[in-house]
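Chemist: Next up is a structure, given as structure tokens.
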Amino acid sequence: MHAEYAILRDLYPKPECALHFETPLQLLIATVLSAQTTDRRVNTVTPELFATYPDCRDLAAANPEDVERIIRPLGFYHAKAKHLLGLAQELDTRFGGEVPRTMDELTSLPGVGRKTANVVLGNAFHIPGFPVDTHVMRVTGRLRWRSDWRRANPNPVAIEREITACFPPEQWTDLSHRLILHGRAICHARKPDCGECPLAGTCPSAH
């Protein structure tokens, strides 16, 4: 596992969050919007969204239909707009307009699960967090880094706990980034490019 991660470190020396943001609030909003779509697509709508609603009080008071119009290209825009307005209202009333810095507080907000909370903790606040998305699940499964690799629908929380137990906290966020980058670039869901993968020599799924 650690030898394979050393290869990933060399392959992706400067991993970073693919979502564009300048503040913790912007990252929280962008991550909520990223459900069931790509980060690249989210980045096409957030400039207008952030310019129109620069803080959570503005967003909390927004007309839902106006928010839906901006985020419509992402799909599931009705539910996502509802989540955004709800979390903005919660942030305004419960947290003084500031994004909280704990898992429990973040996941108490509408539309925010562990993955979103870990993204915000690790990238906005540099607090150790290990977001588990479909790329992380796929790559760790193919590498047999987790015991439930045979499961068709693995538990993201179980994956988070098992993988983070093997790495120091200060590596968690970059580890997640590198697994995601590898999933996007080489270890594709349908046709993984094993011939170009530097992990193929030790990856059980490449044989």
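Heads up, the Cβ atoms here are built off N, Cα and C, so glycines get one too.
Remember, it's a predicted structure, so these values are computed and weren't measured experimentally.
Pulled from TrEMBL, these are the listed features:
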type: DOMAIN; residues: 33-185; note: domain 'HhH-GPD'
type: BINDING; residues: Cys187, Cys194, Cys197, Cys203; note: [4Fe-4S] cluster binding site
Chemist: Averaged over the domain 'HhH-GPD' (33-185), what pLDDT does the prediction give?
Modeler: 97
Chemist: Taking 8 Å from the centroid of the Cβ atoms of Cys187, Cys194, Cys197, Cys203 as the cut-off, which other residues in that chain fall inside it around the [4Fe-4S] cluster site?
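Modeler: Apart from Cys187, Cys194, Cys197, Cys203, the close residues are Arg142, Ile186, Pro192, Asp193, Leu199, Ala200, Ser205, Ala206.
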Chemist: List the residues of the same chain that sit at least 6 positions away from Cys187 ([4Fe-4S] cluster binding site) in sequence and have their Cβ under 8 Å from its Cβ, in sequence order, or write 'none'.
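Modeler: His135, Arg138, Val139, Arg142, Asp193, Cys197 - these are the non-local Cβ neighbours of Cys187 ([4Fe-4S] cluster binding site), listed in sequence order.
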Chemist: A 10 Å Cβ contact count, applied to the binding-site residues Cys194, Cys197, Cys203: which residue has the minimum?
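Modeler: Checked Cys194, Cys197, Cys203; of these binding-site residues, fewest Cβ neighbours within 10 Å: Cys194.
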